[in-house]
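Remarks on the structure that follows.
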Amino acid sequence: MTDVSRKIRAWGRRLMIGTAAAVVLPGLVGLAGGAATAGAFSRPGLPVEYLQVPSPSMGRDIKVQFQSGGNNSPAVYLLDGLRAQDDYNGWDINTPAFEWYYQSGLSIVMPVGGQSSFYSDWYSPACGKAGCQTYKWETFLTSELPQWLSANRAVKPTGSAAIGLSMAGSSAMILAAYHPQQFIYAGSLSALLDPSQGMGPSLIGLAMGDAGGYKAADMWGPSSDPAWERNDPTQQIPKLVANNTRLWVYCGNGTPNELGGANIPAEFLENFVRSSNLKFQDAYNAAGGHNAVFNFPPNGTHSWEYWGAQLNAMKGDLQSSLGAG
């Protein structure tokens, strides 16, 4: 086979994958905020609070679900998926996360809302099917919320963790890259870790349009804008390595196991994002990184059963890394 033939076949494969993703992805993104699973919602009796935290940058109060880990405890911020709801955080809807981390010495912080936001500070108002609002989520999570929690709930404003699934996995990495004093730990579960590359901006735009009618250009501008690379975890590996951020990176391969998630959309999407995770690992190792857990099992689909299992599995690592006691 000639070099030209190889290149043609390679481009053909990329085109087929990209076309399939463009057709299927908008219908899949709901998986990141789908129906509740067994054991969802915190049980009665747990000390879960429903806070209204002022956000001057967004011009409104933001609902935050909160469970204290004790005075001066480090915080674990659990960030939601693309279809984040305005009533409850997906981690509470779909997993017993508050139960798992009760009396762990860690304060659990679940911001509510932020559909399609990537927990970022948007260039323009976030205008979707429900109207327009200001999205300054990075400012809220790294300034307004930690200050409020420190003053009102005795939570340490530094030495925290950000854990996110799908959309929010890349967000967790970026928060840690640019705010290393606050976030010394970042967990990414089934995320696209090179959103600025290739068809990433176009596919993200399609997904955001389906999840609320939002526009990616309102978030980070056109694909040529520096904001795309600024918010690309793979591009920010040098910062994560220099910060010595503790990382937990998980992605399945689209094959279901006994946990469930046996449906074609969940299988396709997990397999689709896996390659970006493997590339991230290679780039991280090449940059001299040595403070990460990479978990890429030969199973796992894009569904809450697997993300919940990972949150449970990382509990000891979080306690050790954050100094919970």
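Backbone N, Cα and C atoms are what each Cβ position is placed from, and that goes for glycine too.
Checking Swiss-Prot for region 'Fibronectin-binding' across the ranges 10-20, 76-86, 98-108 points to 98-108.
For the substrate site, Swiss-Prot lists Leu82, Arg83, Asp194, Phe272, Val273, Arg274, Ser275, Lys279, His302, Ser303, Trp304; matching the candidates Ser55, Ser57, Ser166, Ser171 against that entry yields Ser166. Among Cys127, Cys251, the cysteine that Swiss-Prot records as disulfide-bonded to Cys132 is Cys127.
Residues in the region 'Fibronectin-binding' (98-108) partition by DSSP class (helix H, G, I; strand E, B; coil) as 3 helix, 2 strand, 6 coil. Counting Cβ atoms from all protein chains shown, Leu82 (substrate binding site) has 27 others lying within 10 Å of its own Cβ. In this structure, of the disulfide-bonded residues Cys127, Cys132, the smallest number of CB atoms within 10 A of the CB marks Cys132. Put simply, Glu270 (active site) is 31 Å from Cys132 (disulfide bond) when counted between their Cα atoms.
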